[in-house]
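Working notes, structure below.
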Amino acid sequence: MTGFFTILSFSLAALSVTNAAQILSVPKGAEVVPNGYIVVMKDDTSQQDFSSHRVWISSIHHNMTRRGLDGAGVKQTYDFDHLRGYSGIFDEDTIKDISNDPKVAFVEPDAIISQHVVVQQRKAPWGLSRLSNRRGGRNYVFDSSAGSGVWAYVVDSGVDVRHSEFQGRAVWGSNLVDNKNSDGTGHGTHVAGTIAGKTYGIAKNAKVVAVKVLNSEGKGPTSGIIAGINWSIRHARKHGMLQKSVLNMSLGGTYSAGLNHATAQAIKAGMFVSVSAGNDNINSNGNSPASERSVCTIAASTENDGKASFSNWGPAVDLYAPGHNILSARPGGGSQTMSGTSMAAPHAAGVAAYLIAKEGIPGNRACLRLKQLSQPTIRNPGPDTTSRLLYNGSGR
């Protein structure tokens, strides 16, 4: 697997030439894949033009290898309905040539994305009861449909699909980061348990599809996240499930135009997408995919309906959801408690799956429905931030 490193000062603006595609920069200190780039084509690029461009890229692969750039060339190809592009390892001369192609919209460094979990401790769950009661309570109130016929794509660190919480409803989908079809951090299994676990889950009858994009350190390249989204869309389309699917990404990193564009493609295709706002107590506008306006960006609330101290905020946030001391599944059996906006986002994904099954709404309309049902109960949500808390519409 390609190694990661942290750059102290990085700007590619100097590579740009007149009439060339923009080569975006990343903030100081951002962790990136060495010589890794994401290339996005212009919207009007035809399939034939894209194929011709890829043939040209293949022709210069040999030259890069001769210049001593190990593992050079295209690693992932993206072919969304309204976005075409690819990622790979390229030297500066090659990136300059790529940016000069009039079919290229922009190029950006392949930054590292991380999961949004902050602490683990043992405490009782409370999130399920809170999202089904306007004023709080001890019981989780829900319709027995419970997400039946809905698929939940967990784009994360993997899922222990054999965990008893999933009752055989979890399957392995794709691995875009390593060769280990397991959950090395427990993060993805916890997230999946909140969405669809029999005990800790909201949509207790939904199917879970594991899409691994984060390694055992909870990190992965942006290019792999985009590939995971691309795979999920294709898989849901193949099975006729686009409008009956939710996609959760409890992860994030520095702003990425490519990742935001790719995330938007899932909504355009018909899916519901929930993402975590981030855990730095800052405006989430600078993070991706949280800053993508078409997704459902979720901040974390506490047991007393306050903003969790770590939670990001800002106008990109669509809703608050329980994200502090959340009990859910652990790989190998059993359970564990975690906190973070990573725990808040799957609450939204679970309620979206629940409503898709119960009300028959298409996935890409579910975020609007969540906001319609939500309650304005969060105290001190942050500047220019909604105070609305997730609610499943149970009537309680």
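The backbone N, Cα and C atoms fix where each Cβ goes, glycine too.
Cross-referencing ASN63, ASN392 with Swiss-Prot, the residue annotated as N-linked glycosylation site turns out to be ASN392. In sequence order, the recorded positions near HIS187 (active site, charge relay system) (Cα within 10 Å of its Cα) are ASP156, SER342, drawn from ASP156, ASN230, SER342. Separation of the C-alpha atoms of ASN230 (N-linked glycosylation site) and SER342 (active site, charge relay system): 21 Å, rounded to the nearest whole number.
In the three-state DSSP reading, SER342 (active site, charge relay system) counts as helix. Annotation: ASN248 carries the greatest number of neighbouring Cβ atoms among the glycosylation sites ASN230, ASN248, ASN392 [cut-off 10 Å, Cβ to Cβ]. When pLDDT is averaged over the domain 'Inhibitor I9' (37-113), the result is 86.
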